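Chemist: What TrEMBL records for this protein is below:
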DOMAIN    17-283  domain 'G-protein coupled receptors family 1 profile'
TRANSMEM  6-27  transmembrane segment
TRANSMEM  39-64  transmembrane segment
TRANSMEM  76-103  transmembrane segment
TRANSMEM  124-145  transmembrane segment
TRANSMEM  172-196  transmembrane segment
TRANSMEM  221-248  transmembrane segment
TRANSMEM  254-278  transmembrane segment
């Protein structure tokens, strides 16, 4: 039941994020203002979370139906069991790939800020499409690379679901590498690269004030994302522990699959909450909503170049006035 509670909360939060992004998009479109790519990436991550939560809900209902011998729920077991197992893995890997896209966006903003075409809206729309294609392609070997071209995704009688069994060493190692280790290592490397570049630029005096402010904002976001990544690594540790225990001892506890489902639901809940925490536009609105930050009306700023021109004109006019007071009486309108 805790699993159902977690995934339900995750779906509610993710849908709220998507609705919020749509509202921002409509308001920006009406006011002809720019729409942030980070919001689209957050919306993409929310969609992957919703898909994963729906898959996990079906798996949990199937397990409850098998445990309690509920006929209406037991029918879910045989309803596209292998396809549901495949799609569940696809949605999970798409979550991690969406985090790679968010890391790449920060990389293009900070390290390759001169190449604006890398971080345009249209470019990242293509990246999102590629992300979903790769999510389906990466998991395809699980369907036919087992012995005699069979699938690694099998029916688990102890869990009343279709998934990759812990007893299948090749399949579970491939799944762990493709879904968990490689994506998280990629995200971690990108953020280490960004942090190294920020520290290197601190020693240079050629960084503009605008770029320095942008890097400061991105540093705060990176700190939040690093916190998310640490927790994601931690949540995956028990699954790896079950795998290592089975490989070394040959024994697998019957509750292993249920614990993995509970940990997955917790990770989905945390990721959906982190979407509110990591995205600056959403995080700021939430803090204003709960009274953490007072909403100050932003005053219209005069560009620095205009200020320089105004001061220059006043200075020239005062010089001319001083000059003409000793010469011809010229009147300035």
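In case you wondered, yes, glycine gets a Cβ from its N, Cα and C as well.
The structure displayed is predicted, hence computed values, not measured ones.
Tell me what's around each of these sites.
Modeler: Non-local neighbours of the transmembrane segment (124-145) in the same chain are 37, 40-41, 44, 86, 89-91, 93-94, 97-98, 100-101, 104-105, 151-153, 164, 171, 174-175, 178-179; each lies 6+ residues outside the stretch with a CB under 8 Å from one of its CB atoms.
Within its own chain, the transmembrane segment (172-196) is flanked in space by residues 89, 92-93, 96-97, 99-100, 103-104, 106-107, 110-111, 138-139, 141-142, 145, 152, 164-166, 218, 222, 225-226, 229, 232-233, 236, 239-240, 243, which lie at least six positions past its ends and keep a Cβ under 8 Å from the stretch.
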